[in-house]
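According to TrEMBL, the protein carries these features:
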- 1-25: region 'Disordered' (REGION)
- 46-63: transmembrane segment (TRANSMEM)
- 69-92: transmembrane segment (TRANSMEM)
- 113-133: transmembrane segment (TRANSMEM)
- 139-160: transmembrane segment (TRANSMEM)
- 167-186: transmembrane segment (TRANSMEM)
- 192-213: transmembrane segment (TRANSMEM)
- 237-258: transmembrane segment (TRANSMEM)
- 264-283: transmembrane segment (TRANSMEM)
- 295-314: transmembrane segment (TRANSMEM)
Amino acid sequence: MSMITERPVSKPAGQPPVRTEDSPTVARRDVRAVVAAYVALTKPRIVELLLVTTVPAMMLAAGGMPSLWLVAVVLVGGSLAAGAASVLNCYIDRDIDQLMRRTKRRPLPAHTVSPRSALVFGLVLAVVSVALMAAFTNLLAAGLTLAAIVYYDVVYTLWLKRTTTANTFWGGACGAAPVLIGWAAVTGSLAPAAWALFAVVFFWQMPHFYPLAMKYKADYARAGIPMLPVVASPRRVNAEIVIFAWLTVLTSLAVWPLGMSPIYGLPTLVVGAIFVIEAHRLAGRVNRGEAVKPMRLFHWSTTYLTIVFAAVALDALI
């Protein structure tokens with residue numbers, strides 16, 4: 001019986017040695033990918049926007065800067081709650097996310113996180129966020145936190161989003177809830193000014209999200225989501241954008257007499273005028289049959305809300 005001996009293959013002269021990744025490097029890369037996927041489920045950009053409204057509301061409720069401990073608790077609890085709502089939203093919407101170009105790369109449709117893992121992750125975040133608010137703020141703030149999560153995931157995501165063109169309107173309560181939560185965490189109650197700021201964010205969401213839905217109209221139609229731009233004429237959609245832009249600005253100005261100074265009122269008046277003008281410009285282009293860029297209003301609406309709530313914070317400090 002002959003024996004075959006393998007000989008080492010010599011590398012051509014001048015070629016660098018082939019380097020292979022060691023197991024620890026691959027493991028670290030896998031861990032980073034998994035962490036990134038779970039972070040993506042929480043939709044951090046939405047969390048950032050929600051927190052923009054929370055701290056100024058707390059400052060107005062306190063008549064200045066609340067304790068840093070309370071601010072930290074509310075920011076952490078609010079971030080966890082918003083993250084929980086987003087994760088559970090991704091779990092519920094995984095069937096439609098895989099049909100939309102905009103969302104098909106999210107962790108669930110991309111199969112980087114299993115549905116069961118996402119569900120457990122979302123529920124854990126929800127429990128921790130509510131427990132944190134109950135332990136370190138008060139029961140009203142904790143109850144509002146729980147209500148916001150349940151409303152967003154059960155009432156909006158599971159029901160309204162899939163069944164009615166008014167989904168954005170009724171879903172607006174979720175996006176405005178952080179204002180009430182922040183206020184309640186400071187005072188243990190809800191004053192008229194808290195509800196006025198809630199109304200600002202509530203009305204703002206139509207001229208903010210309708211332009212986004214205009215851009216991704218085909219995506220929503222493919223997934224069978226009855227967003228207003230999918231089922232209504234462009235004129236109807238932009239008429240609602242203009243109406244709600246006006247309601248947003250008028251409501252923000254109605255906050256002025258509730259103990260606010262010109263430090264709040266003047267910037268709010270200026271950016272409100274620009275906001276309304278941009279809404280009318282978009283509607284005008286639609287009515288004339290011209291090419292439109294709805295994301296211009298989408299991005300400006302974010303700037304508008306940021307400036308208004310920065311003015312709230314500055315007014316409270318001064």
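Please read every residue number as a count from 1 along the shown chain.
Glycine too: its Cβ is placed from the backbone N, Cα and C atoms.
Counting Cβ pairs under 8 Å to the transmembrane segment (167-186), the top-ranked stretch among 69-92, 237-258, 264-283, 295-314 is 69-92. Counting only same-chain residues 6+ beyond the ends of the transmembrane segment (295-314), those with a CB under 8 A from a CB of the stretch are 49, 52-53, 55-57, 59-60, 197, 200-201, 204, 207-209, 211-212, 215, 241, 248, 252, 255, 260, 263-264, 267-268, 271-272, 274-275, 278-279, 282.
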